[in-house]
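Please read the structure below before turning to the comments.
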Amino acid sequence: MSSQMQNSSIEDLLQQYNQNITINVVTISLYLVIGVLGNTIVLLVYKLKMRDTSEERYFIPILALSDLVSSIVCSVYGIIINQLQFTLKSELAWDFLLYINGCVSFMSIQLLLCIALQRYLKICKQKTLCLKKRRIMVVLSCVFAVTFALPLAFSYDIDDFSIEGKVIGKHPSKIRFGSKAGSIAYGVAASVFVIVMYSSFMFLYGRIGCTLYGHIKAQNIKRKIVRFSKRIRLTGSLKKSNEYNVKAESVTNAKKTSEEEMLKIKTTLKSHDERNNHGENDTERKDAQRTDKRCEYDINISEPMYSVSENKKQVKNSQPQMKTKIANKDPRAKRNQRMKSKFTLMFMLITFVFLLCYSPVAVVLTLEGIYIDFWEKLSMSGFLAMLWICQIYVINNIVNPFIYAFMDSEFRIAAREYFQSLTCKCSY
């Protein structure tokens with residue numbers, strides 16, 4: 001009777017597991033579809049529309065290819081874990097699945113480390129990696145990924161799995177070391193690897209962030225200096241224009257006074273002529289002509305060699321020239337600096353999402369290495385919740401195309417052109 005009750009309780013646990021795991025399988029299948037479509041679009045756009053990729057974009061197609069393979073392998077591995085966890089009893093099959101899943105996961109880690117190192121050298125050290133060195137980095141990433149995944153294939157074994165004190169089947173679990181020291185050493189090794197990986201990312205991008213902050217601060221100071229110099233120049237030009245206006249007013253006043261004097265002289269001469277009944281001598285006429293010439297000569301001397309309107313035009317034309325000189329001061333260098341900052345921020349966001357998604361897996365790897373019966377102490381609901389948490393890392397492989405589309409305007413335009421060409425072909 002007790003054996004029947006135990007069998008019924010085990011069947012109830014398995015039924016509860018199967019009912020709840022269906023939603024998880026549907027979610028992982030959705031991850032698979034989104035990851036394949038998104039990363040395939042990135043590869044097609046870079047292959048067909050953005051063939052001449054610069055150093056800034058070199059790692060994006062490689063990372064997209066790695067994310068495509070990872071989304072397929074990790075999603076299929078998650079579905080197999082959920083559906084065949086208690087029925088697949090082949091140790092070789094589980095070792096192969098664990099090894100392949102570890103390879104693609106470590107490949108993403110190594111590529112992001114390469115990107116962080118390349119951004120560090122470019123932003124902080126002002127060094128550019130040649131194409132040969134970048135290819136060597138990609139090859140070394142593959143070698144390290146294959147090497148680091150080997151311990152995963154030999155650290156799991158098929159063993160009895162129990163929940164709530166009831167053995168419900170065989171399950172791939174950590175190797176049970178003969179002594180406590182062995183399990184602690186494994187846990188310490190896993191935690192050291194996680195700490196080194198996270199510390200390297202934090203160090204590289206921390207230095208990059210400080211350097212970018214220094215550049216932004218220096219640019220703000222330069223802008224303030226340029227604005228202050230513009231204000232000084234504008235005030236100087238206004239003073240000059242005011243001086244020109246004062247001179248022009250003095251010239252016009254001199255003209256008016258000279259013209260009034262001329263009119264007075266002419267009227268006096270006319271009155272003198274009328275009184276003498278047009279009997280003036282030749283010498284007097286000559287003197288009058290001389291005075292006329294002298295007045296005209298004085299008027300011409302008092303006039304400046306420039307006009308007021310021309311001065312105003314010169315002052316107005318000098319201001320936009322200053323703006324164009326400042327605005328057009330090495331625009332190519334400004335664009336390159338802006339592109340470097342933009343791509344650095346984009347890769348920083350990608351790395352942050354990666355660290356966020358892989359944090360639960362890193363914590364679980366450390367805990368199950370230290371505590372041998374970590375999974376067995378969980379209830380069925382806790383076990384299902386931990387499965388959900390451990391499969392969050394798949395999101396890292398499907399979110400990167402959305403980050404490219406959000407932060408890279410050139411990629412967004414190229415993708416739009418690609419879809420337009422596809423619609424045109426389909427309509428044709």
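Cβ coordinates are placed from backbone N, Cα and C, and glycine is handled just like the others.
These come from TrEMBL:
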{"type": "DOMAIN", "residues": "38-404", "note": "domain 'G-protein coupled receptors family 1 profile'"}
{"type": "REGION", "residues": "267-291", "note": "region 'Disordered'"}
{"type": "TRANSMEM", "residues": "21-46", "note": "transmembrane segment"}
{"type": "TRANSMEM", "residues": "58-80", "note": "transmembrane segment"}
{"type": "TRANSMEM", "residues": "92-115", "note": "transmembrane segment"}
{"type": "TRANSMEM", "residues": "136-156", "note": "transmembrane segment"}
{"type": "TRANSMEM", "residues": "184-205", "note": "transmembrane segment"}
{"type": "TRANSMEM", "residues": "343-365", "note": "transmembrane segment"}
{"type": "TRANSMEM", "residues": "385-406", "note": "transmembrane segment"}
Return the average pLDDT for the domain 'G-protein coupled receptors family 1 profile' (38-404) as a whole number.
75
Are there at least 3 C-beta pairs under 8 angstroms linking the transmembrane segment (136-156) and the transmembrane segment (343-365), leaving out pairs fewer than 6 apart in sequence?
no
With a cut-off of 8 Å between Cβ atoms, can you find at least three pairs linking the transmembrane segment (184-205) to the transmembrane segment (92-115)? Only pairs 6 or more residues apart in sequence count.
yes
Sort out the residues at least 6 away from either end of the transmembrane segment (136-156), same chain, that have Cβ-Cβ distances under 8 Å to it, and list them.
62, 94-96, 98-99, 101-107, 109-111, 113-114, 117-118, 129, 172-175, 186
Long-range environment of the transmembrane segment (92-115) - Cβ separation under 8 angstroms, sequence gap at least 6:
59, 62-63, 66-67, 69-70, 73-74, 77, 80, 137-138, 140-142, 144-146, 148-150, 152-154, 156, 158, 172, 197, 200-201, 347, 350-351, 354, 358, 393, 396-397
Where else in the chain does the transmembrane segment (58-80) make close Cβ contacts, counting only residues six or more beyond its ends and a cut-off under 8 Å?
24-25, 28-29, 31-32, 34-36, 39-40, 42-43, 46-47, 88, 97, 100-101, 104-105, 107-108, 111-112, 114-115, 118, 131, 134, 138, 350, 391, 393-394, 396-398, 400-401, 404
